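Feature list (source: Swiss-Prot):
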type	residues	note
COILED	2-32	coiled coil
MOD_RES	S48	phosphoserine
MOD_RES	R54	omega-N-methylarginine
MOD_RES	S58	phosphoserine
COMPBIAS	87-100	compositional bias 'Basic and acidic residues'
MOD_RES	S96	phosphoserine
MOD_RES	S100	phosphoserine
CROSSLNK	K109	SUMO2 cross-link
MOD_RES	S114	phosphoserine
COMPBIAS	120-138	compositional bias 'Basic and acidic residues'
CROSSLNK	K121	SUMO2 cross-link
CROSSLNK	K136	SUMO2 cross-link
CROSSLNK	K156	SUMO2 cross-link
CROSSLNK	K156	SUMO1 cross-link
COILED	162-233	coiled coil
REGION	220-283	region 'Sufficient for PSAP complex assembly'
CROSSLNK	K227	SUMO2 cross-link
MOD_RES	K237	N6-succinyllysine
COMPBIAS	278-315	compositional bias 'Basic and acidic residues'
CROSSLNK	K279	SUMO2 cross-link
COILED	286-373	coiled coil
CROSSLNK	K310	SUMO2 cross-link
COMPBIAS	340-349	compositional bias 'Basic and acidic residues'
MOD_RES	S346	phosphoserine
CROSSLNK	K358	SUMO2 cross-link
COMPBIAS	358-378	compositional bias 'Basic and acidic residues'
CROSSLNK	K364	SUMO2 cross-link
MOD_RES	S380	phosphoserine
MOD_RES	S442	phosphoserine
COILED	444-467	coiled coil
COMPBIAS	452-469	compositional bias 'Basic and acidic residues'
COMPBIAS	471-487	compositional bias 'Pro residues'
COMPBIAS	488-518	compositional bias 'Low complexity'
CROSSLNK	K536	SUMO2 cross-link
CROSSLNK	K544	SUMO2 cross-link
CROSSLNK	K561	SUMO2 cross-link
COMPBIAS	563-583	compositional bias 'Basic residues'
COMPBIAS	584-638	compositional bias 'Low complexity'
COMPBIAS	642-660	compositional bias 'Basic residues'
COMPBIAS	661-672	compositional bias 'Basic and acidic residues'
MOD_RES	S666	phosphoserine
COMPBIAS	679-699	compositional bias 'Basic and acidic residues'
MOD_RES	S703	phosphoserine
COMPBIAS	710-725	compositional bias 'Basic and acidic residues'
Amino acid sequence: MAVAVRALQEQLEKAKESLKNVDENIRKLTGRDPNDVRPIQARLLALSGPGGGRGRGSLLLRRGFSDSGGGPPAKQRDLEGAVSRLGGERRTRRESRQESDPEDDDVKKPALQSSVVATSKERTRDLIQDQNMDEKGKQRNRRIFGLLMGTLQKFKQESTVATERQKRRQEIEQKLEVQAEEERKQVENERRELFEERRAKQTELRLLEQKVELAQLQEEWNEHNAKIIKYIRTKTKPHLFYIPGRMCPATQKLIEESQRKMNALFEGRRIEFAEQINKMEARPRRQSMKEKEHQVVRNEEQKAEQEEGKVAQREEELEETGNQHNDVEVEEAGEEEEKEAGIVHSDAEKEQEEEEQKQEMEVKTEEEAEVREGEKQQDSQPEEVMDVLEMVESVKHVIAEQEVMETNQVESIEPSENETSKELEPEMEFDVEPDKECKSLSPGKENINSQEVEKESEEKEEKEEKEPEPQPEPVAQPQPPPQPLPQSQPHSQPHSQPQPVLQSQPLCQPETLPLAVLQPPPQVIQEQGNLLPERKDFPLESIKLPEVSVEPVLTVHSENKSKNKTRSRSRGRARNKTSKSRSRSSSSSSSSSSSTSSSSGSSSSSGSSSSRSSSSSSSSTSGSSSRDSSSSTSSSSESRSRSRGRGHNRDRKHRRSMDRKRRDTSGLERSHKSSKGGSSRDRKGSKDKSSRPDRKRSISESSRSGKRSSRSERDRKSDRKDKRR
């Protein structure tokens, strides 16, 4: 411990010497010793005088000095204020005027005219003439003018020289000021640093002094404990130290134990002392580190200020002298600005390029999407073409079947004008009701549908001319045998109701029915032996016939006859006006209708009144079915063209598959139902009634085999009938 104390004392002496050096440096800078502390009271007295600070004491001192010094008397303050002073001045002026007025009244001054008088023009002209005439005056004027010009030039030169000198002087003064400021800053920095060093040294001295004191105390404590170790310490507190007069083994053990305990205490105390000294050393280190950081920051600030001052000086020098360095710096600055502008421009160009790339990508994606849509449309176009071809084929099949039905009906019955004139009346009776219903529901569609039917008939005739050998097609037989009136109505209704409808459109009139083919009854199917397999396999489509209320017609009204005849004549005239081909098609259709009516008339003449009504109802249903089939083709084509315009290609495919399935199922159901209906009718009918259809069948077969007329003869007859009408 003695060694540690000596080392600390040596450090303390060194610190004191360094502190003395710092004080000497401060004395050199400031001119006074920092250790000389002046008393505060003396400072205050020197500053403020006996009054003790600012206030009335200083004023009293000043007044005393002014009064005693023999100088000018001090100005006395007017306590009344400025207004009173102004008023006093006015009063003094008035008094002075009053005193001077009587003197002026006594001595009357003479009135003098003004000395400023306008000179006459004649006199000035004379003077000018005199001056021009004198040569001496001219010379004198020239001399004076020359002197004036010379003096002015001299003044000008002197002024320019003075300005240059003033500029130089200003430059020198500015430089001196800058140098003085720099020196002053340096002095301040040195002074600050010295004072900071002084403070740091003082803190170090204090710490060293504390360490020395602690070390001395530790040494004293160690010396004291070294003496105590020789004694036995009691276990109880306060501890007592004793030594027995004679040592025994028990006391020897106690001495050893007490020495162990005391040594442990000494070790603990030494460790604590060392830790405390380390802590004391760490505190000034931290403070010194903080001070160093502050110094570094201050030095940086000073350097920045100096650089700013130098830059300002350079700028001023360059502006005043106009050296080449200014141009070089300006060029460098311009190059730097150009570089920065180039960098900014390059950044902007990069951004523009990125935007352009994004736009190009978007345009490419849009073009790809358009190409895909075009491919899809092209793929859908052949599907539409296939749909159109299928429609045309289906329409051809239906038209051919209609022609076969008409030809068979015409061939089965002999065309006679008398029978047609007689039997036209019941047919027109039955046709009036559906026409009325159609007009009430859709009167605007008759003309359109009639034109479409005429166009289709023209296409038929062209195809017939191109194809000389028509294919053999199934022959449609007339409908099942007629039965009495009470049973005819319920049988006609089940035929129309159970048949499923393929199209989802609302059927308001018979012209807008779907494509359909009349299914012959089972008895007729058995008799037809010359049917082709193609026609048997053809899928049969259902028909929704308009339900016509069939009533017994025993008396025919003349009014209905005239109305129906006029309608048929007007239609025939319109068709004759359009074209000859259309008139031919219309005449063929009218002849077929007349033939059907004549067949119904022949059957009705053989039976009673009830059988007549049933046969007429069957003929009307057959006629209406033929009309429905013709109109259904046009309506189906219209509906499909509309759906094609809407672009529901996928829906069409799905519907076609579903329609084909339904047609197959509906054809089977109809065959079963027709067979069931025929069997039920046979059971319900009596033996007498069942004999009548057998007669009719024999008549129709004989007429078929014996009497067949060519199409040309039929066309001629129809033309003659149209001309007669």
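Every residue gets a Cβ built from N, Cα and C, even glycine.
What Swiss-Prot annotates, mapped onto the structure for a quick look.
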{"residue": "K136", "record": "SUMO2 cross-link", "Cβ within 10 Å": "7"}
{"residue": "K156", "record": "SUMO2 cross-link", "Cβ within 10 Å": "10"}
{"residue": "K227", "record": "SUMO2 cross-link", "Cβ within 10 Å": "10"}
{"residue": "K237", "record": "N6-succinyllysine", "Cβ within 10 Å": "6"}
{"residue": "K279", "record": "SUMO2 cross-link", "Cβ within 10 Å": "9"}
{"residue": "K358", "record": "SUMO2 cross-link", "Cβ within 10 Å": "10"}
{"residue": "K364", "record": "SUMO2 cross-link", "Cβ within 10 Å": "10"}
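Averaged across the coiled coil (2-32), the predicted model reaches a pLDDT of 78.
Between the CA atoms of K237 (N6-succinyllysine) and K136 (SUMO2 cross-link) there is a gap of 138 Å, rounded to the nearest whole number. K227 (SUMO2 cross-link) sits 30 Å from K279 (SUMO2 cross-link), taking the C-alpha atoms as the reference points. When the Cα atoms are compared, K136 (SUMO2 cross-link) and K156 (SUMO2 cross-link) turn out to be 30 Å apart. Put simply, K358 (SUMO2 cross-link) is 10 Å from K364 (SUMO2 cross-link) when counted between their Cα atoms. Helix, strand and coil counts from DSSP across the compositional bias 'Basic and acidic residues' (710-725) read 14 helix, 0 strand, 2 coil.
Straight-line distance linking the Cα atoms of K279 (SUMO2 cross-link) and K358 (SUMO2 cross-link), rounded to a whole number, equals 67 Å.
For the pair formed by K358 (SUMO2 cross-link) and K156 (SUMO2 cross-link), distance between Cα atoms is given as 72 Å, rounded to the nearest Å.
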